[in-house]
């Protein structure tokens, strides 16, 4: 599969150099159909010795070196951004009371200045990897800090960050510095030398697994039926498809089905020579789209850089051969590679054939074991059952990319003083820098344990912590994910046993999604709906905001009793029945049926509707005055409508101020949308420049602190203020709310107010 490589050969051209004899006899016999298709014969894998010979066959190092350079460059760019160097002081500020989520509780961050040193070592390692300078050492200098930072925070885990660590691990063992490297300039033995075929096989196999396993995971019914990413088709990138398809069909056919087919076929398309051009077109288009659809850092570009690994290894030499001769002097060598001790070469019959050495056998075993391990890990969740929730395993190493989308409607954290019995509530996410803990039992256990250590500082002794978390996955009902009656501080949790306080996903209710969509589509623009499913014996305590002047609850399945707390009244609802809920009051919904209940809140934000009507009136009045159809004078408090801003005179009403702010915001959006390409590109570069500038300055400050000691707090404050300046951005340019592109948990959109009062 991953060993399709032709024997190394020099490119054709006027400066062609003959191959060395060893290389001439090292290639596979490609006379048969199998040899032409796969690059090796059946006899090459018919025994262990022949397999070792095949995987250690001399191969051109050119393509491997190009990937090394590009991957190192991507990591140099990634460290200040997604790895978080630019915002390191916000994450690991000394003395900060924060709950962290490492893989192992014993793994803790170093003091802030030392964390900057760790990131500096990682950055220098990535730079050395890119240049091929002290290559092995550079790979280790990048690899160890990378995995330390990665394992330090489970909330930032994702598939591509895991992939970076795997690729860096592989590059540590392969000979990617045998071409186009500083090491090659300094050591003639390393310069332009063959690499064994397994160097390509392990990298190709890894990329193939990423694509193929991602495709297999997308065979999930939710993905095939179009529920996983149903809102993605609203993006402007899918506008061409919506010329011939509806938005729903674009989501189903283009986003979901084409995404499934691409992941399943991408590895095969890239592997075979005949289909590789088609594969290049599809995967390049796919990754370019992903770079615009998602905030996933360097991942699309790393995958684009990995695609040429499937080409003939000598393709860079062919590219150099077509460059002008004056430019060729600055580019990598075109000459044929020299022999390397890492490879096995065929000798003449008279002298016999070379026997595999221990080094060759170990490298072959490493390749096979590594690829088998990568095939096993995505399906190893039966071993680590404690990390299984509604989806299997810790998110990041299963390649189930974008298969599950979640929305959190309601999160309540209750604490009880173990001595006094006093109850209280915590703001969800207090003492954390993330929100991913809501979906994972292992993180919830860590969070509860951390809260139990912090709350005694606030006069809460022996705290008991209870979580009531409502989640919808792939457009299902909102339902509880954990039992709200269990004290998580004392609850049992093991990485190798099923979590007993995890509530099951109500898969039997999945067919309701079609009906739920029909209900949504039947409502007008001002009416909102929230669908709830709850377990027998549990109840939901809720508060209806005073802004929601028209709120009702309707039962879809099962039986519930609704208690109006202030009125001390109860009403039981049967299937299809509905009742009005008073605004500004608490109520409780008890599930009294023997099976899960399903109901929905239907509400209208009357305050928002009235505001929209008033703003529409002001907009209409403004247009009438501007076109001359309104001849009467405006009251003084409405004069800012024409001027666009407040310029003395009577203070405008709050409504007018709201209208002016909305107008300014809409004008700014329109200006940015219609800005020329160069202006948007410059804005993009300035934002990136700020990230790299702040990363550099804060690193210098911390390294100075380690070397010379910390200065006074006043001087430190001045230095940090200078690092936070944006000297390159034009005046009046609004700064983004959060410049930390490393944050894997951006703020959630506002939840429906029916369930967000806690």
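Keep in mind that glycine also has a Cβ here, set from the backbone N, Cα and C atoms.
Swiss-Prot annotations:
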type: REGION; residues: 1-34; note: region 'Disordered'
type: TOPO_DOM; residues: 2-60; note: topological domain 'Cytoplasmic'
type: COMPBIAS; residues: 12-22; note: compositional bias 'Basic and acidic residues'
type: COMPBIAS; residues: 23-33; note: compositional bias 'Polar residues'
type: TOPO_DOM; residues: 82-113; note: topological domain 'Lumenal'
type: TOPO_DOM; residues: 158-292; note: topological domain 'Lumenal'
type: TOPO_DOM; residues: 314-361; note: topological domain 'Cytoplasmic'
type: TOPO_DOM; residues: 383-758; note: topological domain 'Lumenal'
type: REGION; residues: 726-758; note: region 'Disordered'
type: COMPBIAS; residues: 749-758; note: compositional bias 'Basic and acidic residues'
Beyond the flanks of the topological domain 'Lumenal' (82-113) by at least 6 residues, Cβ under 8 Å | 119, 122-123, 146, 148-149, 151-156, 161, 297-298, 431-434, 436-437, 443, 446-447, 450-451, 454, 691-692, 694-695, 698-699, 702-703, 705-706, 710, 720, 739-743
Structural state census, the topological domain 'Cytoplasmic' (314-361) (DSSP three-state) | 15 helix, 1 strand, 32 coil
Mind looking up the mean pLDDT for the topological domain 'Lumenal' (82-113) in the predicted model?
-> 93
How does the topological domain 'Lumenal' (158-292) divide up by DSSP, counting helix, then strand, then coil residues?
-> 96 helix, 3 strand, 36 coil
